[in-house]
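**Student:** Pasting the feature list from Swiss-Prot:
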TRANSMEM  3-23  transmembrane segment
TRANSMEM  67-87  transmembrane segment
TRANSMEM  95-115  transmembrane segment
TRANSMEM  136-156  transmembrane segment
TRANSMEM  181-201  transmembrane segment
TRANSMEM  264-284  transmembrane segment
TRANSMEM  291-311  transmembrane segment
TRANSMEM  396-416  transmembrane segment
TRANSMEM  436-456  transmembrane segment
TRANSMEM  504-524  transmembrane segment
TRANSMEM  543-563  transmembrane segment
Amino acid sequence: MTAAALAEIAAFFGLLTAAAVPLGAYAARVLSTAPPHGRGPVARLERGLYRLAGVDPAEQMGWRRYAAAALTFNAAGLLAVFALERLQAALPGNPAGLPAVSPLVAWNTAVSFATNTNWQAYGGESTMSHLTQMGALTVQNFLSAATGISVLAALVRALAGPAGSGLGSFWVDLTRVTLRLLLPLAAALALLLAWQGVPQTSSAAARWPTLSATAASPGAEQVVALGPVASQVAVKQLGTNGGGYFNANSAHPYENPTPLSNLLEALSILLVPAALCFAFGALVKDRRQGWTVYSAMLAILVPLTVATVSAEQRGNPALAALGVDASPSALQPGGNMEGKEARLGPVDSAIWAAATTAASNGSVNAAHDSFTALGGLWPLWLMQLGEVVFGGVGSGLYGMLLFAILAVFLAGLMVGRTPEYLGKKVEAYEVKMASLAILAPSATVLLGTAAACLLPAGYGAVGNPGPHGFTELLYALSSTANNNGSAFGGLAASTPFWTLLTGVAMLVGRYWVMLPVLAIAGAFARKRPVPAGPGTLPTHGPLFAGLLVATVLLVGALTFLPALALGPVIEHLQAVPR
């Protein structure tokens, strides 16, 4: 691994921290429970929306009502996306004349975008009309992200509030996060991307003569798909959505044309999840809590990013055994260039891969299926940790707080004391709910992979033999059950078996985590804060950060090490010359 690669990794995380701290302070103000004041256009729009919808901005919901509102809203969004997909052939905004999306793919896509997964069993530019891309998918990118942040806000209020406090109003949280946080960020990023060359147009396609035109075929031309790309790419990155306008996602030069656009998009993957760590510290009135969680996330992500970059820069061991020179030099980037854009190279591709799988983003600027065995292992494991290393906007942090609850419970067992977190006692109910939320996605991954290995409809969709084929199955279930959305491209994901299986996995991974989190929030909201005593475990500082990291890694290792040994580990050992 070169010094330049290490410097790039250090600069990337330095820029992330510098941007996340002030954004976190702003996000904390957005998530405060005070009614909207002021005469600005956003405040007036917010109050108008509340009046139109009959929402009381001062309402304090219990956890069941908050959950019912979130589920109802998400179900309505799912049905709206499905309807637009099925009717797009008869609707305007379809200059390419694309037909209706097939029922199973439409259902899978609607579930995918409602759950913030953005798993794509279709090619964007060849399947979805402009209206569907804008009115269904881009809108859901905002709303699914806002849902995750709203649930996080409810949990944090329960931890920070007095006994008997409510969780706030889901409708108010959803509106504020969308209008005051996601829309301004996405608008700014979309303008920057358009400046860099990302299209934002209502035109269907451009036609260009090809370089291979001959006297026999002088009219040979290439049809280049266009559309409202910049607006969708901006929110797909900031909202940890990940679904690309084009089938090649951010490897496509119209989604990611320049080194600057690549940096902006990669930083945007982690920006909001990182900022929410600092918002958490501000909301609980102890900034050390936010820094502790953020440090724990970095302590996992940075080494795994280095490991991914190192694996890709070393190249394929099977080719090295044949004498292929894959060393970085002044004339070549070196490493494993299969499946990568020549303008980006293995380092930028590997940094993106680590970031997109740490967050539940899933966008790609390279083909993950073409990574080396070890280069694909670390992004796969980052997803299997539960998408809590930054994770999705809102969902990543509330997932990490579940591990924090589990960590203080384990520490309490070791010293024989009732555990506490932020002054609220952690009892059997909270531990059961946290365990359910942590285990549900993992069980879905393992059971789904087992079913795919046993049924011809499952393993028949695999495009590669041996351990790599098994890794394709494992990656697909790990991605969908943890709401990531990236994929190993060798899997035929649009078959009926896989559209149904991944759709169910996405629903379980989203709502079987969200509902226990809200149940925990309801339990904490009823509890009186307990003053810290001499035996209270401090939940800030290096000691607790280390305990939190150990808990996350222990659960991830015990759950998935056998499966990983059957896939990428064996694949790597097979490639190493004997």
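The count begins at 1 with the first shown residue.
Yeah, the Cβs are placed from backbone N, Cα and C, and that goes for glycine too.
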**Student:** For the transmembrane segment (396-416), find every same-chain residue at least 6 residues outside the stretch whose CB is under 8 Å from a CB in it, and list them.
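**Tutor:** Distant contacts of the transmembrane segment (396-416): 148, 151-152, 155, 159, 240, 273, 276-277, 280, 293, 296-297, 359-360, 386-390, 426, 430-431, 434-435, 437-438, 513, 516-517, 520, 535, 537, 539, 544, 547-548, 550-552, 555.
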**Student:** Determine which residues of the chain contact the transmembrane segment (543-563) at the Cβ level, with the cut-off under 8 Å and only residues 6 or more beyond its ends counted.
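**Tutor:** The answer is 292-293, 295-296, 299-300, 381, 384-386, 388-389, 400, 403-404, 406-407, 410-411, 438, 442, 445-446, 449, 474, 537.
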**Student:** Compare 67-87, 95-115, 136-156, 291-311, 436-456 by their Cβ pairs under 8 Å to the transmembrane segment (3-23) and return the stretch that comes out on top.
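**Tutor:** Most contacts with the transmembrane segment (3-23): 291-311.
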**Student:** Using Cβ atoms and a strict cutoff of less than 8 Å, what residues sit near the transmembrane segment (95-115) while being 6 or more residues removed from its termini?
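**Tutor:** Distal contacts: 74-75, 77-79, 81-82, 85-89, 121-122, 126-130, 132, 136-137, 140-141, 144, 202-205, 225, 241, 243, 483, 485, 494, 496, 499-500, 502-503, 506-507, 509-511.
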**Student:** Any contact between the transmembrane segment (67-87) and the transmembrane segment (264-284)? By contact I mean 3+ C-beta pairs closer than 8 Å, pairs at least 6 apart along the chain.
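**Tutor:** No, the stretches stay apart by this measure.
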**Student:** Can you say which of 136-156, 264-284, 291-311, 504-524 has the most Cβ pairs under 8 Å with the transmembrane segment (436-456)?
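**Tutor:** The stretch with the most contacts is 504-524.
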**Student:** For the transmembrane segment (264-284), what are the same-chain contacts with Cβ under 8 Å, counting residues 6+ beyond its ends?
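**Tutor:** Sequence-remote neighbours of the transmembrane segment (264-284) are 12, 15-17, 19-21, 23-28, 31-32, 145, 149, 152-153, 156-157, 159-160, 181-182, 185, 189, 192-193, 196, 233-234, 237-240, 250, 256, 290-291, 293-294, 297, 348, 351-352, 355-356, 358-359, 361, 363, 365, 390-394, 396-397, 422.
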**Student:** Grab the same-chain neighbours of the transmembrane segment (504-524) for me: Cβ-Cβ under 8 Å, and only residues 6 or more beyond its ends, written as numbers and ranges.
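**Tutor:** Apart from its flanks, the transmembrane segment (504-524) reaches 62-64, 66-67, 70-71, 74, 111-112, 115-117, 119, 151, 154-155, 157-159, 167, 395, 398-399, 402, 405, 424, 427, 429-430, 433-434, 436-437, 440-441, 444-445, 448, 477, 480-483.
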